[in-house]
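According to TrEMBL, the protein has these features:
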{"type": "DOMAIN", "residues": "38-315", "note": "domain 'Deacetylase sirtuin-type'"}
{"type": "BINDING", "residues": "63-83, 144-147, 261-263, 287-289, Cys305", "note": "NAD(+) binding site"}
{"type": "ACT_SITE", "residues": "His162", "note": "active site, proton acceptor"}
{"type": "BINDING", "residues": "Cys170, Cys173, Cys221, Cys224", "note": "Zn(2+) binding site"}
Amino acid sequence: MFPARKLPGGCRAIRPHHLLHSSVPRASPNLAFVPSCLPPHPTQVEEMQRFISNSKKLFVMTGAGISTESGIPDYRSEGVGLYARSDRRPIQHTEFVRSASARQRYWARNFVGWPQFSSHQPNVAHLVLRHWEELGKLHWLVTQNVDALHTKAGSQRVTELHGCTHRVFCLTCGDQTSRSELQEHFEALNPTWTAEALDVNPDGDVFLTDEQVRSFQVPSCRKCGGILKPDVTFFGDTVSREKVDFVHQRLAESDSMLVAGSSMQVYSGYRFALAAREKQLPIAVLNIGPTRLDHFASLKLNSRCGELLPLIVAH
């Protein structure tokens, strides 16, 4: 038996014991970057329960809103997202490729923020989705996040749509290395360089002044001397056709779609919701605030992923 507890209104929340005793380190929810919202009403829980119970091969797409409870800020959340808190914007793909000074600034900021960013752990929402995969309920998971939290949680049927900051590759020869290994190269090249991390941005970098960045040394590819880039899709870049086709195939095999923690403002993810609508698949959206899917989703719930998903029983 799974332990249960009473919710207001008489709804019973089921909490699988393996989520309570997972081997994955899991801290209490960090709500600093989570917009305020009311707890899920029992009626909402029942609606989501019905949706999941009716799904046999669930296609899930997650966004930054599933990771905010792990302490990672997002871009667009009202009042707490990066766009609401500052006028800073993420680096553009063409800027990174064309400008050595832009790469120096990016890598210096990323170097400072990496220890904190890479230490973030999955929250209960990531663990619930992993459990649904183990049960055969979740057919495929596509994440727009680059934080590797689904992988840390143990998910295997997952596509990182925009890549992952934990990998680095050479733009010339394609050689891949781990971001943690690159951190050691940075440290060897910059033994006396220091800067303090005050705020970590959604993609793991921090704000530094031009003066702080000026003396930072950036390594080249050890194999060919080419430019090293994180294995992520920067703003202004596109997701590969092979990856897009692969995700469309997984969607074609599915019978329903759940969007968790995403406003779906970026077309690279939104296109799959359009495809699901064209296939007349039922679509549920779990996100704090409005999304591009609200006018055609079968179900829209305005709740925290980590608060509502653990209340759902997957058979």
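We count from 1, first residue shown onward.
Glycine too: its Cβ is placed from the backbone N, Cα and C atoms.
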Given the Zn(2+) site residues Cys170, Cys173, Cys221, Cys224, which other residues of that chain have a Cβ within 8 Å of the mean position of their Cβ atoms, reported in sequence order?
Leu171, Thr172, Gly174, Asp175, Ser220, Arg222, Lys223, Gly225, Gly226, Leu228
Euclidean distance between Cα atoms of His162 (active site, proton acceptor) and Ser67 (NAD(+) binding site), Å:
15
Between Cys173 (Zn(2+) binding site) and the residue listed as 'active site, proton acceptor', find the distance joining the two CA atoms and give it rounded to the nearest Å.
20
Might you list, by sequence position, any residue in that chain lying six or more from Cys170 (Zn(2+) binding site) with a Cβ less than 8 Å away from its Cβ?
Gln176, Cys221, Lys223, Cys224, Gly226, Ile227, Leu228, Lys229
Please report the number of other Cβ atoms within 10 Å of the Cβ of Asp147 (NAD(+) binding site).
25
Fewest other C-beta atoms within 10 angstroms, as judged across Gly63, Gly71, which are the binding-site residues:
Gly71
Can you tell me how many other Cβ atoms are located within 10 Å of the Cβ belonging to Cys221 (Zn(2+) binding site)?
19
For the domain 'Deacetylase sirtuin-type' (38-315), would you mind checking the mean pLDDT of the predicted model?
91
Just how many other Cβ atoms lie inside 10 Å of the Cβ on Asn287 (NAD(+) binding site)?
27
Tell me which residues of the chain lie with their Cβ under 8 angstroms from that of the residue listed as 'active site, proton acceptor', as long as they are six or more apart in sequence?
Gln144, Asn145, Val146, Val232, Thr233, Val239, Ser268
For a quick check of packing: other C-beta atoms within 10 Å of the C-beta of Ser67 (NAD(+) binding site), how many?
28
